[in-house]
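A.B. asks: Structure in structure tokens, see below.
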Amino acid sequence: MAETVSPLKHFVLAKKAITAIFGQLLEFVTEGSHFVEATYRNPELDRIASEDDLVEIQGYRNKLAVIGEVLSRRHMKVAFFGRTSSGKSSVINAMLWDKVLPSGIGHTTNCFLSVEGTDGDKAYLMTEGSDEKKSVKTVNQLAHALHMDKDLKAGCLVHVFWPKAKCALLRDDLVLVDSPGTDVTTELDIWIDKFCLDADVFVLVANSESTLMNTEKHFFHKVNERLSKPNIFILNNRWDASASEPEYMEDVRRQHMERCLHFLVEELKVVSPSEARNRIFFVSAKEVLNSRKHKAQGMPEGGGALAEGFQARLQEFQNFEQTFEECISQSAVKTKFEQHTIRAKQILDTVKNILDSVNVAAAEKRVYSMEEREDQIDRLDFIRNQMNLLTLDVKKKIKEVTEEVANKVSCAMTDEICRLSVLVDEFCSEFHPTPSVLKVYKSELNKHIEDGMGRNLADRCTNEVNASILQSQQEIIENLKPLLPAGIQNKLHTLIPCKKFDLSYDLNCHKLCSDFQEDIVFRFSLGWSSLVHRFLGSTNAQRVLLGLSEPIFQVPRSLASTPTAPSNPAAPDNAAQEELMITLITGLASLTSRTSMGIIVVGGVIWKTVGWKLISVTLSMYGALYLYERLTWTTRAKERAFKQQFVNYATEKLQMIVSFTSANCSHQVQQEMATTFARLCQQVDVTQKHLEEEIARLSKEIDQLEKIQNNSKLLRNKAVQLESELENFSKQFLHPSSGES
């Protein structure tokens, strides 16, 4: 027989294809699970992926891992049933081209035997509930092992692993299950649940020397109740016995055929009449096994004593094998893989929906984030532009306010200087011309003037300055408010309280009047010095009096050291002193030479003109006036003179610092307003920083969302590709006829 490709390869190819697809599907769902989990657990991406999505896709990953393991263990399974000694083991051996299972006289299968291939070169068996691999070298050894194990009952399963190298049929993921006779047990339901639910094909091995028995029919009726239209083949074994009675062969064959057709079509209703004829065969398993063993040994197939009609029976057995292989491969592919294929499509649909929902949520949030980022960028630009404009306006406003304050302080201080005499007159303290008392008196007077002028200036300026500052601060705050968040606007008065501002005038009268020198020595109003002062002025009188009272050759004292001078003018330089000395010496020489003569002449003229009485009266009045002034020159008079001198001196000094004090006050106001504006600018800077951070966060979020969109699209494309592969698998293996049409 020419070698052809076995139909069983169809299952092998299908298993390989579906296993590869499920491997890709598991990899895809695992990748999708990691993607959804990373998206769900990202704290910056809220509500993009839900916990339900994560739980669902992780559940699919676990299910696919289990399905993958199940698929790797999937194989085609054919179960052989029949009465005891009907030749079930012989049929299996004939299909395997070797005597794998014990059969023949003295050998009955006392438990379920599962024959499958192993990649090793040694046969072994494993009993149910044990992982021990028991070595089996020969069939007789296998038979002995089965019969010697007293624990093996009819409902037990023994796995027989036969080297694939010795049997071609076992290379294609086919498992053959031999069973005890259906007439030896009443536990048919247990058998069916345990061994038949995953079988792809059932083979009823009947003895052609008798008809179908009720025990056989009863078993398959129960199978039909548990499975939907099971694939059942009927082998009428030992058909070689009909060769001894050739005249009855066709009648017996027709009789068996009719009963088998009735059983499959009418009773079980699993196939149509035309299909049923292809499920019923008349064979001799023993003949086929012997001929195939001869062929394997290089001997002729027809060698030995064979009954007549062997070739026909051999051909029918081969037809059975061909039909069986086609049926089981199609059936196994459908039963083993169709539901998994449908489940895979459902999983892909669900995962696609999850990816689509993530993609849509990411797209919506990305659009929202982009719009929000644009708003934040616009607001940041607006704040920066407004701050540039407001800074110029605030600088201008501060300049106006400081100039206004400087003018107010200058005017108020000028007025207070004019009223300095009143302030000095209000001062009361112990006065005495002694130096120690005068020192204390001057110190207290300086403090009184400083406190009084400071208080008066504050009364006149502080309220107006405060009102102006508060108004300006409120204007600045109102202008900056729109640049701040609502939460900061409500707390703005707490962050920047509008407190009362007190100007510090810092007159420092003690230091200002530290070089004041009082002149409280008694001076007669009609005395020579007073008259000279009155008519010549202080400077000229000083020069004249200095010239008359000094010796000619005496070096003149520095003007700064004159105790009687009300003020201390600056000492002349060396050249001026020398010039003054020469002039005085010349004048004194001339005056001294003429004084005596002048007095005598003037006195004589007056004496002759008015007489001595008038002179006496005049001298008496002059003396009385002198006496009056001398008596009234009391301590109080000295204090009044001291205060007047101090007022004149302090007025001159205070007028010198009017501009400085006003500038100092305006600087204080400028600092206060600048500080307030700086605090507001800090809040604006914080707002700008928050905006910049928010823009950076949104940009990062947008990039992440874009990446999520791209990843979800890539994963979805993989899902579509896997769907296409599943569809191709369905067309190629599950529905080949529809695919061809």
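In case you wondered, yes, glycine gets a Cβ from its N, Cα and C as well.
Annotations for this protein, taken from Swiss-Prot, read as follows:
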REGION    82-89  region 'G1 motif'
BINDING   S85, S86, G87, K88, S89, S90, N237, R238, W239, D240, S284, K286  GTP binding site
REGION    178-181  region 'G3 motif'
TRANSMEM  585-605  transmembrane segment
TRANSMEM  609-629  transmembrane segment
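Can you tell me where each of these features sits in the structure?
C.D. replies: Beyond the ends of the region 'G1 motif' (82-89), by six or more residues, the same chain brings 101-103, 107-109, 113, 178-184, 204-207, 213, 215-216, 237-238, 285-286 to within a C-beta distance below 8 angstroms of the stretch.
According to its DSSP assignment, W239 (GTP binding site) is helical. Taking the Cβ of W239 (GTP binding site) as centre and 10 Å as the limit, one finds 27 other Cβ atoms among all the protein chains shown.
Averaged over the region 'G3 motif' (178-181), the predicted model has a pLDDT of 83.
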A.B. asks: Mind tallying the region 'G3 motif' (178-181) by DSSP state, helix then strand then coil?
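C.D. replies: Breakdown, helix to coil: 0 helix, 1 strand, 3 coil.
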A.B. asks: Going by DSSP, how much of the region 'G1 motif' (82-89) is helix, how much is strand and how much is coil, in residues?
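C.D. replies: Summed over the region 'G1 motif' (82-89), the classes give 2 helix, 0 strand, 6 coil.
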A.B. asks: Which ones in the same chain are close to S284 (GTP binding site), with CB under 8 Å and 6+ residues apart in sequence?
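C.D. replies: N237, R238, W239, D240, A307, F310, R313, F317 - these are the non-local Cβ neighbours of S284 (GTP binding site), listed in sequence order.
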A.B. asks: Work through the binding-site residues one by one (S85, N237) and point out the residue whose CB has the fewest other CB atoms within 10 angstroms.
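C.D. replies: Among the binding-site residues S85, N237, the sparsest Cβ neighbourhood within 10 Å belongs to S85.
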